[in-house]
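Peer 1: Checked Swiss-Prot, it gives:
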ACT_SITE  Glu350  active site, proton donor/acceptor
ACT_SITE  Glu762  active site, proton donor/acceptor
COMPBIAS  195-204  compositional bias 'Gly residues'
DOMAIN    932-1211  domain 'Peptidase M14 3'
CARBOHYD  Asn217  N-linked glycosylation site
CARBOHYD  Asn410  N-linked glycosylation site
CARBOHYD  Asn429  N-linked glycosylation site
CARBOHYD  Asn522  N-linked glycosylation site
CARBOHYD  Asn626  N-linked glycosylation site
CARBOHYD  Asn811  N-linked glycosylation site
CARBOHYD  Asn855  N-linked glycosylation site
CARBOHYD  Asn867  N-linked glycosylation site
CARBOHYD  Asn879  N-linked glycosylation site
CARBOHYD  Asn978  N-linked glycosylation site
CARBOHYD  Asn1070  N-linked glycosylation site
CARBOHYD  Asn1142  N-linked glycosylation site
MOD_RES   Tyr265  phosphotyrosine
MOD_RES   Ser270  phosphoserine
MOD_RES   Ser1358  phosphoserine
MOD_RES   Ser1361  phosphoserine
MOD_RES   Thr1368  phosphothreonine
MOD_RES   Thr1370  phosphothreonine
TOPO_DOM  1321-1380  topological domain 'Cytoplasmic'
Amino acid sequence: MASGRDERPPWRLGRLLLLMCLLLLGSSARAAHIKKAEATTTTTSAGAEAAEGQFDRYYHEEELESALREAAAAGLPGLARLFSIGRSVEGRPLWVLRLTAGLGSLIPEGDAGPDAAGPDAAGPLLPGRPQVKLVGNMHGDETVSRQVLIYLARELAAGYRRGDPRLVRLLNTTDVYLLPSLNPDGFERAREGDCGFGDGGPSGASGRDNSRGRDLNRSFPDQFSTGEPPALDEVPEVRALIEWIRRNKFVLSGNLHGGSVVASYPFDDSPEHKATGIYSKTSDDEVFKYLAKAYASNHPIMKTGEPHCPGDEDETFKDGITNGAHWYDVEGGMQDYNYVWANCFEITLELSCCKYPPASQLRQEWENNRESLITLIEKVHIGVKGFVKDSITGSGLENATISVAGINHNITTGRFGDFYRLLVPGTYNLTVVLTGYMPLTVTNVVVKEGPATEVDFSLRPTVTSVIPDTTEAVSTASTVAIPNILSGTSSSYQPIQPKDFHHHHFPDMEIFLRRFANEYPNITRLYSLGKSVESRELYVMEISDNPGVHEPGEPEFKYIGNMHGNEVVGRELLLNLIEYLCKNFGTDPEVTDLVHNTRIHLMPSMNPDGYEKSQEGDSISVIGRNNSNNFDLNRNFPDQFVQITDPTQPETIAVMSWMKSYPFVLSANLHGGSLVVNYPFDDDEQGLATYSKSPDDAVFQQIALSYSKENSQMFQGRPCKNMYPNEYFPHGITNGASWYNVPGGMQDWNYLQTNCFEVTIELGCVKYPLEKELPNFWEQNRRSLIQFMKQVHQGVRGFVLDATDGRGILNATISVAEINHPVTTYKTGDYWRLLVPGTYKITASARGYNPVTKNVTVKSEGAIQVNFTLVRSSTDSNNESKKGKGASSSTNDASDPTTKEFETLIKDLSAENGLESLMLRSSSNLALALYRYHSYKDLSEFLRGLVMNYPHITNLTNLGQSTEYRHIWSLEISNKPNVSEPEEPKIRFVAGIHGNAPVGTELLLALAEFLCLNYKKNPAVTQLVDRTRIVIVPSLNPDGRERAQEKDCTSKIGQTNARGKDLDTDFTNNASQPETKAIIENLIQKQDFSLSVALDGGSMLVTYPYDKPVQTVENKETLKHLASLYANNHPSMHMGQPSCPNKSDENIPGGVMRGAEWHSHLGSMKDYSVTYGHCPEITVYTSCCYFPSAARLPSLWADNKRSLLSMLVEVHKGVHGFVKDKTGKPISKAVIVLNEGIKVQTKEGGYFHVLLAPGVHNIIAIADGYQQQHSQVFVHHDAASSVVIVFDTDNRIFGLPRELVVTVSGATMSALILTACIIWCICSIKSNRHKDGFHRLRQHHDEYEDEIRMMSTGSKKSLLSHEFQDETDTEEETLYSSKH
């Protein structure tokens, strides 16, 4: 390792000259013990079987590639892959030969060329195979390693072919990479026979260094470095190697050198940088000693520990190994870089005393090192290995951290969740940690000598796991370990500083941003929020270890610069910050930790138009301050105290939409004109310059101080003495309104309308300083910028979960007692709440749940993680009493593995960028559908062609005919298009209701082809087609389409049908047009759809029902949710700025609007669909131009593809259920009423499905002959809620219980019968009097005579002369009669 590591001290040069003399006298004059060792070396190795010619010369550049190809050819097909990881200074390829079994089935034939340095050049990684690399010829004049690795390649390949059990086992289980020459330029300068420094000239002349005179083994980032490493442009070989290491998960490595015979191990240097004698121990010192001994003990000379190299005859190494720094200090070495910044354990191997021995010695050198090299590769299988997987999906988890108790060195899992942790025999406790998952520890893992112990970890996602002890009032909170995030850099390593200091006008800034996005694609994503008034892009650079994705549990941060166009320092600082973060990621621990644990968004310029009008050197003017419409953007936001009457500007709209779309936690708005950090509130109710305190005043002061205290000039508090001599800000911070009143400011809007805490930072007294002053601004602010970002990891963080299914709850509220400022959870239930140290009572609540309160203590460093698990509210638990015995219940049937797999797919596709992965895995060959517009004839042929080519998943039907007798085609795509499957949701896509807007027609044809092309090729598309009934009606108005004219953006020709009727006004119960009747009768009324998407043209937005003017909109929340979903998946629609030529100032918040608010009219298709078809329908306006040129179709498809696919995913959410009676019999045509408004009917088989916005919804189920059922259901944003409703037979009569009705009826009948009996009895008694009494029966003439007599008598006494006849017979009456 001696000269392989460093130039020797001057007093050793004489000894090296002596070595030269010995070579001239003859190479046979060797030490006696070396000769003896050589004599006893086995000569029957497989290396001797190779052709004699392979040892007779060194392979120079023109032969190296051929030699490696020949080595690869010695094995079986599919065993080897040759590729280059980059080029040297002089353009020579840095060849790598990969050897492992099974490559043939995974990669195309042929090898990658010398320029194929990307991650795909080597072919895909293989799960379960640890990666080992051996690197040779790092110093160009140390050549034995170059040759030995070529011989090793031949040995491994040939041994595998001949069936050597050891080598077959090795290549079946290990992924081996051999890099024979890292410094091919130096090798070409070196001279055979030069064992030291040649003629005593500089090392560059000898070939040691690269072509720019850089020692590659002093050019890596170093943890103990006192200076900057060489710029990577100076050492392209090092840059290539670093990038190669980053792209892979190497486990074990050997760095092969020359100049001694010893195995050295980390660390190579120490903080003291003493030349020699300092043992710099790693946390894995025992492992490194084990690996070094494994090599040395199999080397006949190395194992003696006495190499007896000329000039260092007395140098000895116990067991043939040494600690690098103990031997001598090497700063910037490769082996330390591998250990500190990668997963890789690397040792350095000095193979021979002579650096460039004569070729005649090559055979002996190979024999000396063969067994050691193979043994070292085999040692990758010691320790512990296994997989880390998601407990729900079973998929491997990448970048999970594996820690071993008592060893302060972690590794991370590979792409498949696989890990390999090298350990010496012993008993260990292993812990796995990954953001978004519950940590897991396995104790008492026993590692024995020999093969690794296998330990697999199954991590429970925090967003899908039920946390126990939900009723506990006090949380057992744990601090999340985020290394180095809150403490500064943990070592003396000096990060790379930016070098690009000049004023970037818009074209320069655009090039700068694109360059870094291209150079660092693994950690950057460049995107635009929209456009300024003058159509300049509002760029944002995202920097994250997983760009484009919100990682659950990871906070999001933003900086915004150049809001006032003439305040330019913030713009340049953010460009510097981008360069700083990109160049130091992976080398600087502080930057690496920050990027790993934070999603960072940097917006260099919010006002690019104003910047272009500004003038360098400006200190106090307002030229360029405002945007191109002359509005101050920092007075343009809605304000809590003042009504802002100025029109909202495009830049403001774009930024507000952006802030609503991401879960930002912390932000700063960078300004100029003073030197201070000001915090909310910026104004007050009276409009006075007075302290306007926010509820989080203490938090704002803390985060403001975190910036100012790192800027010494700012912290002094007297910023601009010449301009404002009386201005003083204690510690460089101030309340905004206390300084001066600013209504309509951005920082207040952030705090009040989002979860984000924002401050405004004034960066200097001069608004537009001279270019030469920019380096000073960076130096003054660089530490402040980093420290402020770290504040995003303060306070409390965690998840709010549903106790029923463990899912995260969206929009749950986190409130802190005595601080009147709640925050809400993001999609996966994660939240972040900035707080100063102290003890707090924190409550999590959500609609439909019982709140939970916990006491939490916040410390000064690190965020406290506190998870809340909420139980559904008592309205759910009390449903039994409301519903009786036939209660409905929410279920998630996971018994079917395919159902569970599909549910997981829907959740994955619903995640941020989930649809991106679907599209990336899909075929993009859609030229047939998008190179031109389709006439009616072409469209018909195209649809027939799809059916002919994909008959098993397509069915073409004719819904009816147009006025001019053209067919209105309907294409169904599903796995069983001719079979009724009522349990599957149905979605329809319709287009062309206005014939002059045919873009929608072409998009639907492209969608149909996309689905067919990818069926059985893309798993996600296949499952969506298998489980969805997709109906596509591409042209509702074929007659109008035939009359429309291409490239006419405003013409109304073709808008109506052949009779001049706008079909979107004819959807009524008395529809008059044949096209309308066909759609109503054969599409809307006959088929049960869950969702409908109509495509139109003339603007860029989505409208939802109703188009008719109505006072209230039933189910508005769901309808708007569906419209927003489409708009949010469109790259520009959600920005709300269609920028159509005839309406350039049109502002549509979120790109979504109720139809009547945009263009009110009666008889629309969407209104009819909702009212009579019970199907929600949205209308998408795809472009401002009605009929753009065909050349725009590919870009329009690209813009709408994700949104269209999002509808296919969304149709599987909401509520789906099954209605049955107590015997299990399905009940069809039952009415399901949701939220007392929406009504759907159950289909055949009792199934129903309805889309609903996420949240809690009430359900009423009604069926004839059954009791009404009531329930509640919680709808998630990424999954359907499944409901089973069981009906009881309705025993009620006239709305009353049967028992009551029977009782009352019986009582009533009894009363009626009793009454009848009484009446009958009375009548019977009267009848009996006539039968039993004694009296004279009168005749008719007697009665008549009596009447005459009575009427004619003149005396009353005459009446008494006749007896009164009575039927009674009482004694009293008899006496009365006798008396007279």
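Every residue, even glycine, has its Cβ placed from backbone N, Cα and C.
Could you give the neighbours, burial and distances for every feature on this list?
Peer 2: Counting every protein chain shown, the number of other Cβ atoms lying within 10 Å of the Cβ of Glu350 (active site, proton donor/acceptor) is 31.
Sequence-distant contacts of Glu762 (active site, proton donor/acceptor), defined by Cβ-Cβ distance under 8 angstroms and a gap of at least six in the same chain, are His671, Gly672, Gly673, Ser674, Leu675, Val676, Val677, Asn678, Pro719. Taken residue by residue with DSSP, Glu762 (active site, proton donor/acceptor) is part of a strand.
Asn217 (N-linked glycosylation site): 27 other CB atoms within 10 A of its CB, across all protein chains.
According to DSSP, Asn410 (N-linked glycosylation site) is assigned to a strand segment. Annotation for Asn410 (N-linked glycosylation site): spatial neighbours Thr401, Ile402, Ser403, criterion Cβ-Cβ under 8 Å with sequence separation of six or more.
In this structure, Asn429 (N-linked glycosylation site) is part of a beta strand by DSSP. Long-range Cβ contacts of Asn429 (N-linked glycosylation site) within its own chain (separation 6+, distance under 8 Å): Val404, Ala405, Gly406, Thr441, Val442, Thr443, Asn444, Val445.
Asn522 (N-linked glycosylation site): 14 other CB atoms within 10 A of its CB, across all protein chains. When secondary structure is read from DSSP and collapsed to three states, Asn522 (N-linked glycosylation site) falls in the coil class.
According to DSSP, Asn626 (N-linked glycosylation site) is assigned to coil rather than to any helix or strand. Note on Asn626 (N-linked glycosylation site): other Cβ atoms within 10 Å of its Cβ, all shown chains, come to 22.
For Asn811 (N-linked glycosylation site), the same-chain residues 6+ apart in sequence whose C-beta sits under 8 angstroms from its C-beta are Thr824, Thr825, Ala846, Pro1254, Gly1255.
Following the DSSP three-state reduction, the secondary structure of Asn855 (N-linked glycosylation site) is strand. In the structure as shown, the Cβ atom of Asn855 (N-linked glycosylation site) sits within 10 Å of 14 other Cβ atoms.
All protein chains included, Asn867 (N-linked glycosylation site) registers 25 other Cβ atoms within 10 Å of its own Cβ. For the recorded site, Asn867 (N-linked glycosylation site), the DSSP three-state label reads coil.
Asn978 (N-linked glycosylation site) carries neither a helix nor a strand DSSP state and counts as coil. Around Asn978 (N-linked glycosylation site), the C-beta neighbours below 8 angstroms that are at least 6 residues distant in the chain are Asn955.
Sequence-distant contacts of Asn1070 (N-linked glycosylation site), defined by Cβ-Cβ distance under 8 angstroms and a gap of at least six in the same chain, do not exist.
On its own chain, Asn1142 (N-linked glycosylation site) has Thr1050 as residues at least 6 apart in sequence with a Cβ closer than 8 Å to its own Cβ.
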Peer 1: Once the DSSP letters are reduced so that anything not helix or strand counts as coil, what is Asn1142 (N-linked glycosylation site)?
Peer 2: coil
Peer 1: Neighbour count first, Cβ atoms within 10 Å, every protein chain included; then name which of Tyr265, Ser270 tops the list of modified residues.
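Peer 2: That would be Tyr265, with the highest Cβ count within 10 Å.
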Peer 1: What does DSSP call Ser270 (phosphoserine) in the simple three-state scheme?
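Peer 2: SS state of Ser270 (phosphoserine) = coil.
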Peer 1: Secondary structure at Asn217 (N-linked glycosylation site) (DSSP, helix/strand/coil)?
Peer 2: helix
Peer 1: What Cα-Cα separation, expressed in whole Å, is found between Tyr265 (phosphotyrosine) and Asn522 (N-linked glycosylation site)?
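Peer 2: One finds 31 Å between the Cα atoms of these residues.
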Peer 1: Work through the recorded positions one by one (Asn217, Ser270, Asn522, Asn626, Asn867) and name whichever has its CA nearest to the CA of Asn855 (N-linked glycosylation site).
Peer 2: Asn867
Peer 1: Cα-Cα separation of Asn867 (N-linked glycosylation site) and Glu350 (active site, proton donor/acceptor), in Å?
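Peer 2: The separation of the Cα atoms works out to 53 Å.
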Peer 1: Given the recorded positions Asn217, Ser270, Glu350, Asn626, state which is nearest to Asn522 (N-linked glycosylation site) when distance is taken between Cα atoms.
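Peer 2: Closest recorded candidate to Asn522 (N-linked glycosylation site) by Cα: Asn217.
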Peer 1: Using the alpha carbons only, what distance in Å do you get between Glu350 (active site, proton donor/acceptor) and Asn626 (N-linked glycosylation site) once rounded?
Peer 2: 66
Peer 1: Roughly where does the topological domain 'Cytoplasmic' (1321-1380) sit in mean pLDDT, to the nearest integer?
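Peer 2: Taking every residue in the topological domain 'Cytoplasmic' (1321-1380) and averaging pLDDT yields 50.
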Peer 1: Using the alpha carbons only, what distance in Å do you get between Asn217 (N-linked glycosylation site) and Ser270 (phosphoserine) once rounded?
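Peer 2: Given the Cα positions, Asn217 (N-linked glycosylation site) is 16 Å from Ser270 (phosphoserine).
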